[in-house]
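Step one of this worksheet: look at the structure below.
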Amino acid sequence: MFYREAGDFKTTYTEDSQTFPIKFDRYRYYAVLLFAFAVVPFIINDYWVNAVFLPFLIYAIAAIGLNILVGYCGQVSLGTGGFMAVGAYAVYKLMTTFPEVSIFLHVILAGGITAGVGVLFGLPSLRIKGFYLAVATLAAQFFLVWLFNRVPWFYNYSASGQISAPERTVFGVPVTGAETAPWAAYLFCLVFLTASAFIARNLTRGMAGRKWMAIRDMDIAAEIIGVNPLKAKLSAFAVSSFFVGISGALFFAIYLGAVEVGEAFGINKSFLVLFMVIIGGLGSIFGSFAGAAFLVLLPVLLKNTLVGGLGWPTDLAAHLEFIIVGAMIIIFLIAEPHGLAQLWRVAKEKLRLWPFPH
Amino acid sequence: MKLKLATAALAAVIAAGPALADLTFSALSYRTGPYAANGIPFADGYIDYFTLLNERDGGINGEKVNIVECETGYNTEKGVECYESTKGSGALVYQPLSTGITYQLIPKVTSDNIPLHSMGYGRTSAKNGAVFRNIFNYPANYWDGASHAVTHILDLNGGDISGKKIALVYHNSAYGKEPIRTLEELAKKHGYELTLLPVDHPGQEQKSQWLQIRREKPDYVLMWGWGVMNQVAVQEAANIRFPMENFIGIWWSGSENDVLPAGAGADGYKALTFHNLGNDYPVYADLQKYVVDAGKAAGAGDQLGTALYNRGMYAAMLAAEAAKTAQDIHGTTAITPAMMRDGMENLEMTEAKMAALGLPKFGPEFKVNCENHGGNGYGAVAQWDATTGKWSLITDYFQSDQEILQPLIEEDSAAYAAENGITPDCK
């Protein structure tokens, strides 16, 4: 009834091609932004930030990054964990080498460094495709983790090989280290997520995104109509790694505070982010959010329900959690192979016709 | 669906609210994942001891003990989640049984003023309580362990090991890397040659490391392993017929789970320990009576008497004794985490105390104070007898080489203090 184009007249091309063409959608989007920026920071505590919001925000950035590569450009990557590690170690080295520069810049620079590394490991994608490329990126994953474990320069020669984030402030408010207020950490990550989503959405709607999608749909055809596969593929790797690097930097500096590369950025992380992208929906920015929310929130929710609510033994709950999350993934993929984003799309189509579907 | 999820979430949040009164102890345990075989006995021992106190004595000086268990899976992300979710319940002390999680929690507990006890693991330089106010690692730490192993080798060789080759097989993580610095310093002092052989998480693949050992024939092999890595290493050592009495594990590589899979091949394998082993203690009669027979044992109840069960029980006993000390100092039975910290800092373990608890000669005597949060560094060597299936101590408790360790601790803690803007003080 409210959710339709009728009556919402567009008089310019800009208006016509905006992200949210339907008025209701647009207002909902503003409302969500307002809620996230102006309401949530006042009501969250340590637990909500550290167990729910930070992982969600950070994984959403990583999922957006991977979605550009896998979902939009069709290049399968299993190197996400390794690229996140690059972001984390880059921000650590920058933080400790240039303590006077704002952490905000450091995170962006860490993204830039990761983009460079991503392009380097993206080079094989010009020759190899599909599963073979997945194997090549898997090599990147293992190589990067090995490198950060092996070369003491990366962890400033600390005895344990751990890196830990010293306190850094933004406008005098600490955002890393133990004294960080929950709202500060939350807002810091939220700013990055909002910016990432905005940039990613607009990139994918423009020329760059269309080139990526052309390559994804059929690379030879794309080449014939004038898409340069070298530029398209490498730019996809660069942009994707940039976001993944930012998420890795935030994951280390804001969320965990201390990190051990093998444990935090192992192959499991690569799979986790890939699952987020697949479950959320390939080639959709909203899907990245939905996938991250699904895989971050569901385990926490299950744990709280089973252990906190029903008082079950922790090991039983932990094992059951694997089973339930696994089963949900399978059910979702069978019921809706295009992910949560497609469910959302179908729901919107139905809403548009509601209440008179015929 | 969304409504249902929201309802469930709401219900969970309400139900997970803090339990008031009582003394709350958190058990960040891991009963799942590649380290579960070691996590389970420790967690069982830890919880059973508190159950015993509740059932037999009615708690600690009349205050019932409430245990909040949280599954970490030895994973740092889950560890943080567990910490945040349990700290609201007023948990008095955290014992994560993971060096990675300990590193994560050190700044957090310091800012929340909750004590953290990393017994025989974690950051070694936390021994310097002037810098690490809330972190305790008594009665022994990794650097003590490294020194114990070297001292034991010295004893076997009549005090001269120059030119000997010692290999360190270690878990390639913060945990495994801890002893390297000390072993290097000791190598300078005693003139042995050190080879480093890292094993990546989770440690099932060690063929190449043991091939190298076979080729280079080190005189002794030390191991810093955990979880499935231990079993594999002992098995591999048996496979290449490495003389087991020259293979020495840290205390985390010395449980029954680690040696049983290798069968008779593991006979003679040595491991360090900072507490006694076996179940020949009066407290076990009480455990049987009040906990096991009453059907209140944690987990499957089949871990009693194993090395790690004893260690979990020892950790719980030290926590309970610290709580009693705190109650004495502050003159109240309902203590807070901040009071618990004072209790831990003034903890004194004497032989008389341990005997009264039904654990005579169970651990070394030590006294904690602000300058020393790590005890006196006493440890012993245990050896595995595959025929009887028992660990037995083959040495007395002996002290680590404080002359080497103390400067290292000073140096590392000073670096931490400088990095984090802490002014060391003991007031």
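Using N, Cα and C of the backbone, Cβ positions are placed for all residues, glycine too.
Because the structure is a prediction, the values reported are computed rather than measured.
Listed in TrEMBL for this protein:
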TRANSMEM  A:27-44  transmembrane segment
TRANSMEM  A:50-69  transmembrane segment
TRANSMEM  A:76-95  transmembrane segment
TRANSMEM  A:101-123  transmembrane segment
TRANSMEM  A:130-148  transmembrane segment
TRANSMEM  A:183-200  transmembrane segment
TRANSMEM  A:236-259  transmembrane segment
TRANSMEM  A:271-296  transmembrane segment
TRANSMEM  A:316-335  transmembrane segment
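Counted as Cβ pairs under 8 Å, contacts with the transmembrane segment (A:183-200) are highest for A:27-44 among A:27-44, A:76-95, A:101-123. With a cut-off of 8 Å on Cβ pairs spaced 6 or more residues apart, the transmembrane segment (A:236-259) and the transmembrane segment (A:50-69) reach 3 or more such pairs and are scored as touching. Stretch with the largest number of CB pairs closer than 8 A to the transmembrane segment (A:271-296), among A:50-69, A:76-95, A:101-123, A:316-335: A:50-69. It is A:76-95 that, among the stretches A:50-69, A:76-95, A:101-123, forms the most Cβ pairs under 8 Å with the transmembrane segment (A:130-148).
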